[in-house]
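What Swiss-Prot annotates here:
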COMPBIAS  414-423  compositional bias 'Basic and acidic residues'
COMPBIAS  435-449  compositional bias 'Basic and acidic residues'
DISULFID  CYS37-CYS161  disulfide bond
DISULFID  CYS144-CYS214  disulfide bond
CARBOHYD  ASN74  N-linked glycosylation site
CARBOHYD  ASN95  N-linked glycosylation site
CARBOHYD  ASN329  N-linked glycosylation site
LIPID     ASN451  GPI-anchor amidated asparagine
REGION    388-449  region 'Disordered'
SIGNAL    1-22  signal peptide
Amino acid sequence: MIHSNKVATVVLALISSWPADGTNNHGLKLQKAQAICKMSKELKATAMRAANDAKLKITEILELENVFAAMIPNATKGTEADGCTDYNAVFLEANNTAAETVSKIATLAESATKAAGAAGRAAGVLDEFIAALAQAQGATGLYCIQGSGTGAATHTELADCFNGDLKPRNMLSIRDPKVSAAATGSTDLTTLAKAMAASGTDTTFHGDQQSKGCGLMKGTSDGIMIGQALTGTFAWAQGLLRFGALGANGIASTGVTGYAHTATASGNGVHWASDPEKIPVIAEAIALVSNYNTLADSIGTRAKDAIEKVKKCMKATNKEIKREHIFLNVSHLNRELQKAVTELDKALNKQDAKAEAKQQPNCDDKKQIECGDTPGCGWHKAEGKCEAKDGEGQKNQATGEKDANKNRCTQHGTNKEACEKENTPGQSAVCGFRKGKDGETDEPDKEKCRNGSFLTSKQFAFSVVSAAFMALLF
């Protein structure tokens, strides 16, 4: 009996000397849980970072459009002292940068949305895993995440996951100050993912305290199922942790083994993924964030740099260049003006062609009877000859007055001297001895006496268009 007591005393002494990990092996080791929480926080920060970065870049691109719109050729130019040594070079650079970056706005916004969404989804998967284990605490002191001592992990020890007690409602949101602070920096998601495999793996489960193990990580009949063992592999967080049904005593003293996240968990072991960066939800986040970073880097600070150069050249370093609607549309207005002038020119040409066709009939050399039968002709008794009736002729389209000069000029034909006598010194020329202008269909290549009102109507039309454009500018 005394001998038995001595044996019992020795056994108790040995048990009390075992390290906390062995004696209180209730589940997930603190270092592993902390690595998972850090990954989750950084994924949320990455989502915020992508959204903020895209917003900033798009704002800069639109601002570049704004300031460049004011950089018109006749604007006040900077000098070398203003940091603008070559105005034209800055103008061209700003134009090219604006065109290239504006074309990327839609793609940038789409890429940022995908990256942020994937990072947020991956963080959610890890949060669900940690939340389930953190809440698993029994009345007799059992738990699924061990703290730094012999008790369960606290929210302070899991600060990258929780802001209060270990409840899902207290997990860090994307708007949490901790996430915002992390979003101001940069991180390598692949490195953080691999850290989940390395942290707290080798000594997480060992010893012979299986009866105290976390049931959420055991596949035997006294584990995650009631009264029966699993029929296959159970996976947490898309394979971050896996365990199977074999082994009557649950977790063996051989500890945790590391296999690919897709491997089947056989035997007594609990398998941590040796390749967390390849877990589908994490791999997707890493890939889409990388895609966004590549696109964002192609834009970089180009728009911002161009803005500063433009402001210097516009002598606006210390003031905001306001958006002027007319300047934003200078090119458009020029095109529309040219189009309007072309259309007006065509219309005038058609009118002149009709006028030529409707010019007064030739009444010369007609006898009295024939003259009376010819429309537009009448017999002049005093002179005894056939002449055009008074009031015939086409109206001037610009002034609305009758153009009685057409026949007056054309009757002289190639007689230059007679043509020029029709003009009164000091007054606008009535006739001109010249070749035909654009739109004149009557022998345009031949020099002869022609009506001067053709140019008058076109000059009036151009003056109307010019006045309208100047009204827009001022």
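Glycine too: its Cβ is placed from the backbone N, Cα and C atoms.
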ASN95, ASN451: which of these recorded positions has the highest Cβ count within 10 Å of its own Cβ? ASN451
What's the number of neighbouring CB atoms sitting within 10 A of the CB on CYS144 (disulfide bond)? 23
Taking Cα atoms as reference points, rank the recorded positions ASN95, CYS161, ASN451 by distance from CYS214 (disulfide bond) and give the first. CYS161
Students should find that the Cα atoms of CYS37 (disulfide bond) and ASN95 (N-linked glycosylation site) sit apart, in Å rounded to an integer, by 46
Here the Cα-Cα span from ASN95 (N-linked glycosylation site) to ASN451 (GPI-anchor amidated asparagine), rounded to a whole number of angstrom, reaches 49
With every protein chain in view, how many other Cβ atoms are within 10 Å of the Cβ of CYS161 (disulfide bond)? 24
Could you state the CA-to-CA distance between ASN451 (GPI-anchor amidated asparagine) and CYS161 (disulfide bond) to the nearest Å? 92
Rounding to whole Å, the Cα atoms of CYS161 (disulfide bond) and CYS144 (disulfide bond) are apart by 16
Specify the secondary structure state of CYS144 (disulfide bond) as given by DSSP, simplified to three classes. coil
